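*Asks:* TrEMBL lists these features:
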- Cys15: active site (ACT_SITE)
- His116: active site (ACT_SITE)
- Asp131: active site (ACT_SITE)
- 2-179: domain 'Josephin' (DOMAIN)
Amino acid sequence: MINGIFHERQRRELCALHALNNVFQHKEFTKDELDQVCNRLAPASVLNPHKSFLGTGNYDINVIMAALQSRSYQAVWHDKRKRPASIDLGRCSGFIINSLSSVSIGVLKLPIRRRHWIAIQSIDGEYWNLDSKLKTPEKIGDPSNLIDYLKKLLSDKMTELFLIVTSDEAELNRFYKSNNGSISSTEE
């Protein structure tokens, strides 16, 4: 923990596990628990489609969603046609990003990019990038800094954003600001 911030570091292909724990700011989930989720999602599979066949992690969004549901949370996919500024940040419990990331073996950076899960969380009024590949958390800043940060990330068409909200908020569909009852889909 650095300055009271829980930051699980990358181990094997467990970035989804790390992203979940970093959003919750403590060790909420284990690899065994996520493996059990995979088995429930595909019980008859010899090679489970929701994780690496090597057993090292590499969980997909279905595992993240099922794990969150077990704790009464939801991962809501952010439609990129909506401006990041339309997100009601106060109703979100955190954010998980899925993007392409470089692959390294030791200090050797390979010319390969793979999918990677990253957590963003508000801690004491400041937003933090809790990417498990970082040595320490990176401060994003206040809500306006977060909106700018998300705009930049989402300009990459291969990057996806998931809003982490309570099941109650998801059920009430209250994670976007309304504009006379409708949501603007124009970009800023």
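First residue shown is number 1, and so on along the chain.
From the backbone N, Cα and C atoms, a Cβ is placed for every residue, glycine too.
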*Asks:* Can you give me the same-chain residues 6 or more apart in sequence from His116 (active site) with a CB-CB distance under 8 Å?
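*Replies:* Listed in sequence order, they are Cys15, Asn98, Ser99, Leu100, Ser101, Asp131, Lys133.
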*Asks:* Ranked by the number of other Cβ atoms within 10 Å of their own Cβ, which of the active-site residues Cys15, Asp131 ranks first?
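*Replies:* Of the active-site residues Cys15, Asp131, the most buried by Cβ count within 10 Å is Cys15.
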*Asks:* Please give the average pLDDT for the domain 'Josephin' (2-179) in this predicted model.
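*Replies:* Across the domain 'Josephin' (2-179), the average pLDDT comes out at 88.
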